[in-house]
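*Asks:* The structure's right below; bear with me while I get my questions together.
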Amino acid sequence: MGPTASGKTALALELAEKHNCEIISVDSALIYRGMDIGSAKPSVDELARGPHRLIDIRDPRESYSAADFRADAIAEIEQIVSMGKTPVLVGGTMMYFKALLEGLSPLPSADEAIRAEIQAEADEKGWEALHDQLRDIDPVSAERIHPNDPQRLSRALEVYRISGKSMTELTQTKSAPLPYDVVQFAIAPRERKVLHDLIAQRFAIMLKQGFLEEVTELKARGDLHLDLPSMRCVGYRQCWQYLDGEFDYDTMVEKAVAATRQLAKRQLTWLRSWPELNWLESGAEGNLVTLMRQCR
């Protein structure tokens, strides 16, 4: 695990080449076909050195949830283990790691009809009245969700109307945790400025590699838009907006780099509270030796 631009892929490739391992990607951007440059997808040469599972498995117009990832990752892990190899999970989508390790609550999928029914009630009675409903059926969620947060309030009521159980009840029940021994590592530069510089350098390289042309091709399809999860990936949104004429080139670069730095900050926030985590410094000599020693 680690923030974007921290050197996860390079270390994973070194591990795969020198030991009996196979790589599974844990990245919500790498799953999409046609999104290669802006997602920092491993190059053809890198994939030849160490093939990655769970990349290029969805079209950008399709959704992919943490539950989807968990099911796919467990299937890949089982196959790798059956071959007598060790799976190495590499990426920066912390929600995927958490879902894989801890399991997920069995919340029902969205129901557009019930959601529309709730919205109609809110239009008639107001969200305060619906918050009172939630307090009656799920006081714990009502305490946590403000009446002025219609999205979360609607979802809590929707869950109850679909399942007959409160969100609090359902979130107390999770699927079984991962049935394997796991050794967890995070890699990051020691200094925040180093990471910020790496992010800016990598975005400049992406632009030279044709990132804007990649986004131009995605826009030209005609079936993609900025509300899709794929197009909300950092860099893609800013390039799309630049191509739409919303701001100039320098502003696009500034916004994309800033968004990527914010992503890295969120990733590090997750990692600092992550239990049983072994830390490695980006670019440090002996990282592979340290990693293998901890795995014994």
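Just so you know, glycine gets a Cβ as well, placed from its N, Cα and C.
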*Asks:* Kindly point out the range from 100-105, 232-237, 274-279, 286-291 that Swiss-Prot annotates with region 'Interaction with substrate tRNA'.
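*Replies:* That would be 232-237, per the region 'Interaction with substrate tRNA' entry in Swiss-Prot.
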*Asks:* Tell me which of 27-30, 119-122, 139-142, 263-266 corresponds to the region 'Interaction with substrate tRNA' entry in Swiss-Prot.
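*Replies:* It is 27-30 that Swiss-Prot describes as region 'Interaction with substrate tRNA'.
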*Asks:* From the Cα of Thr93 (site 'Interaction with substrate tRNA') across to the Cα of Ala5 (ATP binding site), what is the distance in angstrom?
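*Replies:* Given the Cα positions, Ala5 (ATP binding site) is 13 Å from Thr93 (site 'Interaction with substrate tRNA').
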*Asks:* Neighbour count, 10 Å Cβ-Cβ cut-off, for Thr93 (site 'Interaction with substrate tRNA'): what number do you get?
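*Replies:* The Cβ of Thr93 (site 'Interaction with substrate tRNA') has 20 Cβ neighbours within 10 Å.
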*Asks:* Counting Cβ neighbours within 10 Å across all chains shown, tell me which of the binding-site residues Thr4, Ser6 comes out on top.
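*Replies:* By the 10 Å Cβ neighbour count, Ser6 comes out on top.
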*Asks:* For Thr9 (ATP binding site), which residues of its chain lie six or more apart in sequence with Cβ-Cβ distance below 8 Å?
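*Replies:* Same-chain residues close to Thr9 (ATP binding site) (Cβ under 8 Å, separated by 6 or more) are Ala40, Pro42, Glu46, Val90.
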*Asks:* Between Pro3, Ala5, Gly7, Lys8, Arg115, which of the recorded positions has the fewest other CB atoms within 10 angstroms in the structure shown?
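*Replies:* Comparing Cβ neighbours within 10 Å for the recorded positions Pro3, Ala5, Gly7, Lys8, Arg115, Arg115 has the fewest.
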